[in-house]
């Protein structure tokens, strides 16, 4: 199984599929189609039914039930796009077999080293086979490891018809990394009772709580005048923006928060004297605190208007997704079952809140409860990204055993 996982992830990772938040199309980038078409062909060759890709790049397929009694239809999803934070062009995955510990030189000429000194969790992977980057790109295990695990699990079930399972629906989706993964997802057409995203991180992650999320763009308008004659005339939009940022709570930022603590994250700053734009993401697990964060943003904008003039500042803010716990709690057995499966495989479930979101965050509010399962990866979205092939195999086994367990329970 490991050989198949390596082969698939190597192939998928080399296909550039970065999304683009500035685009208005779905998928946001044409290159996502390259992997979508590859997967469509692969699923057809495996012998799945109902293999269809719609005009927006959502690829659906079915593994029919192999039992003669009713079992819930279960979905498994992963996203084809990779993050925009770091380049995903010309990905060249490296394989470290039977990692012996210590530093991993990703790129000697650029002196890029993956070291336990910087990433102490590496010490827990001694003896594992790791797939890393070459130090110049991200790897894309988020979420191509999830794709590889789903396809490999389905291939295994097809080769082992003695393993009982109900109907399985598969979906590979675009644009998750820019928050639009489910925007054009047809839940009725997918037709599953519930689903799981294979989009988590280290071994054992099992998540059904996510952030409430909003995005905000604050635009400041200045007045540019030659510096030599600027007294009492120039208004520097960058200084207006800096003062605005400094009014937000300094300790409520990603680098100073953890667990259930929310934050304001300034993730874009672009400007000159005449015009400056700040891009924020706003996050909190608690709905009331989330609303309070948005209210603070609106309050500060109002203050700036009163102090500097209506024309000096604009705010665009919109909700992106909500904490899926509210929709999953009523069907919590879909989480508990996977936790039981993990324990049966000797994996300790790590049921923790996601400090982020998955496609499941939105899908759960669209009527498809969708918790999130680990894939085995670490350090997503950068050149130090890597994945344990051993833990990819365990994630694949979790898929297989989850389907077996639901089939057995339906028979009881």
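Just so it is clear, glycine is given a Cβ too, placed from its N, Cα and C backbone atoms.
Note that this is a predicted model, so its numbers are computed, not measured.
Per Swiss-Prot, these features apply:
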- 81: active site (ACT_SITE)
- 176: active site, proton acceptor (ACT_SITE)
- 79, 142, 199: Zn(2+) 1 binding site (BINDING)
- 142, 177, 381: Zn(2+) 2 binding site (BINDING)
## Note on the structure
Ordered by sequence, the long-range same-chain Cβ contacts of residue 79 (Zn(2+) 1 binding site) under 8 Å (at least 6 apart) are 143, 146, 172, 173, 174, 175, 176, 177, 181, 197, 199, 359
### Task
Measuring Cα to Cα, tell me the gap between residue 381 (Zn(2+) 2 binding site) and residue 81 (active site) in whole angstrom.
12
### Neighbouring C-beta atoms (10 Å sphere around the C-beta of residue 177 (Zn(2+) 2 binding site))
25
### Shell list (Zn(2+) 2; ref centroid = CB of 142, 177, 381; cutoff 8 A)
82, 83, 85, 138, 140, 143, 380
## Note on the structure
Excluding 79, 142, 199 themselves, the Zn(2+) 1 site's Cβ centre has within 8 Å the residues 78, 143, 146, 176, 177, 197, 198, 358, 359, 375
### Summary
The number of other Cβ atoms within 10 Å of the Cβ of residue 176 (active site, proton acceptor), counted over all protein chains shown, is 26
### Surrounding CB atoms that lie within 10 Å of the CB of residue 199 (Zn(2+) 1 binding site), all protein chains
30
### Task
Counting other Cβ atoms within 10 Å, pick out the least crowded of the recorded positions 81, 142.
142
